[in-house]
Amino acid sequence: MEREKTKQIKFNNIELGGNNKIYIQSMTNTKTSDVIKTIEQINQLALAGCDYVRVAVFDYDDVNAIKELVRLSPIPLVADIHFNFEFAILAMENGIKKIRINPGNLDDDDKLLKIVNVAKKHNVVIRVGVNSGSLPEWIIKRFGNTAIGMVELAKYYINKLNSLNFDNIVISLKSSDVKVMVDAYTLASQTFNYPLHLGVTESGPELEGAIKSTAGLAPLLLRGIGNTIRVSISDDPVKEIYIAKKILNSLGLYDNLVDIISCPTCGRLQYDMLPLVNQIKEYTKNLNFPLKISILGCVVNGIGEGKEADIGVAGGKGKAILFEDGKIIKNVNENELLTELKNLIDKKYNNFLNKKNK
């Protein structure tokens, strides 16, 4: 699909916009000043495939921990700033290369000038992070809590930044209402040339959040809108990464993923397939390389899907047909299937690493 071309923004090793890939972001839910727990979670996020991560800056203990977090983190960090402009300045002076500012609660010209001056000095990106839950009263009175109001607030704030000769900008317009979110980003893509960070905010527990995030992200991504995404769920943030990767993979925008195809099962099932699917899912969850695995319950669709996959299983009575690269390689007893699949996965992964390292 054709991607919308935006201004290219760079921070650390991340290049947003232009023809660059869509990046996956998350946010830690630890107390930022607890460096040990925060770095532990950041390492888990990086292992899962997170490209960069935001940390909350709630107090001076948090901002004072930034320097050590920047030093230890395997991926770039973003400082999430609300209300207190001094936290933005201190975070940048402590090594942060991207900050998120909420224009709904940090709108003072003198303070913004001070932030911009430090951002220019340290070449820091500013994300103008509009959220429907924190629109200022003057926006609500004029536009209501609407997509237009969100874009107008972003425009108002970006005009201020531009007047200070600053355009190292990323934009987000998040809402917990999927339609409002889609409309806001659609309008923003027609209004601005800056990279867009997509997300449905406060989308709920894991299942509900995955559904709402997919409903919001997919229409935009299919139209080429968006340069970085976050799936926000009320759960372990590492789960956000797996959901985000699957959304992008399903849309043909991410191939560094093990894609498991499995059927819902029916009365034709004659082997214990569901535990096998879950075991393979767990085994491959942190293997970031392109691999398509088909695990089906019977030969009705199992043969065809197996031939299209890198590794395939078509089940029978207590046994299954095993495929590799579209060809039948053997019949396997049910109790040997897990081991056989793991061996094939390991083989594919080692081949991938060998080619990558040549």
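From the backbone N, Cα and C atoms, a Cβ is placed for every residue, glycine too.
Sequence annotations record features per position, and here TrEMBL assigns [4Fe-4S] cluster binding site to CYS263, CYS266, CYS298, GLU305. DSSP assigns CYS298 ([4Fe-4S] cluster binding site) to coil, not to a helix or a strand. All protein chains included, CYS298 ([4Fe-4S] cluster binding site) registers 21 other Cβ atoms within 10 Å of its own Cβ.
Annotation source TrEMBL lists domain 'IspG TIM-barrel' at 6-244.
For 260-346, the entry in TrEMBL reads domain 'IspG C-terminal'. Restricting the average to the domain 'IspG C-terminal' (260-346) gives a pLDDT of 92.
The sparsest Cβ neighbourhood within 10 Å, among the listed binding-site residues (CYS263, CYS266), is found at CYS266.
Same-chain residues that are not part of CYS263, CYS266, CYS298, GLU305 yet have a Cβ within 8 Å of the Cβ center of the [4Fe-4S] cluster site turn out to be THR265, ARG268, LEU269, LEU296, GLY297, VAL300, ASN301, GLY302, GLY315.
Sequence-distant neighbours of GLU305 ([4Fe-4S] cluster binding site) (same chain, 6+ residues apart, CB-CB distance under 8 A): ILE261, SER294, LEU296, GLY312, ALA314.
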